[in-house]
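Pulled from Swiss-Prot:
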BINDING   5, 6, 7, 8, 9, 41, 178, 196  L-glutamate binding site
BINDING   97, 99, 117, 121  Zn(2+) binding site
BINDING   237  ATP binding site
MOTIF     8-18  motif ''HIGH' region'
MOTIF     234-238  motif ''KMSKS' region'
């Protein structure tokens with residue numbers, strides 16, 4: 001059975017880009033007779049906004065979204081992540097990293113998503129002294145392409161050794177890394193389809209590699225075009241995207257429908273009816289492949 005999900009992070013309130021992702025993932029799930037889960041990705045407490053998680057859920061309800069089952073919170077699933085990391089340790093696929101980020105990045109080259117780790121701690125004899133601090137844990141990556149066929153973008157691949165380097169699964173500050181948590185959650189929740197923004201396209205080969213290492217199924221992916229401001233920057237909390245105005249729900253839904261190339265919906269002041277329209281007329285093939293300027 002199709003199982004999709006929407007997984008916001010409570011580092012801020014939902015904005016127009018969040019709404020586009022929610023509508024697209026919801027419409028794709030419901031039009032395929034599937035389930036739509038909501039997962040709160042609250043992995044990084046220092047970056048979270050107090051009250052954001054409850055506000056996000058209230059906003060989704062106000063826009064007419066109905067999810068299946070209870071909301072999942074990553075902050076309550078550490079035991080699952082510990083078990084997942086233990087499996088990788090047992091298989092000899094991960095190693096402790098004692099490197100200081102500032103030091104190793106000083107001589108590192110840039111890759112597809114930041115600096116490429118130089119692999120110093122891969123070899124026990126080369127690891128620097130820990131100096132009383134707990135290490136991070138990295139996974140060894142292969143020198144080969146990891147690719148997939150995206151439902152919107154098409155073919156996409158990375159050579160993880162060249163483009164990314166051995167990446168962190170557990171941080172030295174004691175927090176779980178996004179890449180491990182999202183793979184563990186998707187597998188445990190039986191997620192079969194992931195519809196999300198193209199800012200996460202670059203993370204997908206890492207997640208597929210982790211799925212392969214753990215022997216869990218790889219979902220089907222579709223990465224949506226990003227909404228950008230007049231300066232070409234992605235609308236986000238960092239670029240001061242305004243929070244969704246609950247007094248303009250109908251207008252905002254229609255705006256997102258236009259971005260997703262849905263036909264004009266009939267007049268109604270009920271957000272749930274507009275979502276039903278989106279489900280009935282959903283066509284992934286019509287979704288644009290490139291960024292959309294959203295004033």
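Glycine residues also receive a Cβ, built from the backbone N, Cα and C atoms like all the rest.
Overlay of Swiss-Prot feature records on the structure.
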{"residue": "5", "record": "L-glutamate binding site", "DSSP class": "strand"}
{"residue": "41", "record": "L-glutamate binding site", "DSSP class": "coil"}
{"residue": "97", "record": "Zn(2+) binding site", "DSSP class": "strand"}
{"residue": "178", "record": "L-glutamate binding site", "DSSP class": "helix"}
{"residue": "196", "record": "L-glutamate binding site", "DSSP class": "strand"}
{"residue": "237", "record": "ATP binding site", "DSSP class": "coil"}
I'd like to confirm something. Which of the binding-site residues, 97, 99, 117, 121, 237, has a Cα closest to the Cα of residue 6 (L-glutamate binding site)?
237
Using the residues the record lists for L-glutamate (5, 6, 7, 8, 9, 41, 178, 196), what whole-number Å value is the largest Cα to Cα distance?
16
For residue 97 (Zn(2+) binding site) and residue 8 (L-glutamate binding site), what Cα-Cα distance in Å is obtained after rounding to a whole number?
29
Could you tell me the C-alpha distance between residue 196 (L-glutamate binding site) and residue 237 (ATP binding site) in angstrom, no decimals?
17
Inside 8 A of the center formed by the CB atoms of 5, 6, 7, 8, 9, 41, 178, 196, which other residues of the chain have their CB, for the recorded L-glutamate site?
39, 40, 182
To the nearest Å, how far is the Cα of residue 121 (Zn(2+) binding site) from the Cα of residue 7 (L-glutamate binding site)?
33
Neighbour count (Cβ, 10 Å) for residue 8 (L-glutamate binding site):
22
I'd like to confirm something. Which of the binding-site residues, 99, 117, 237, has a Cα closest to the Cα of residue 41 (L-glutamate binding site)?
237
Of the binding-site residues 99, 117, 237, which one has its Cα closest to the Cα of residue 9 (L-glutamate binding site)?
237
I'd like the number of other C-beta atoms within 10 A of the C-beta of residue 5 (L-glutamate binding site), please.
26
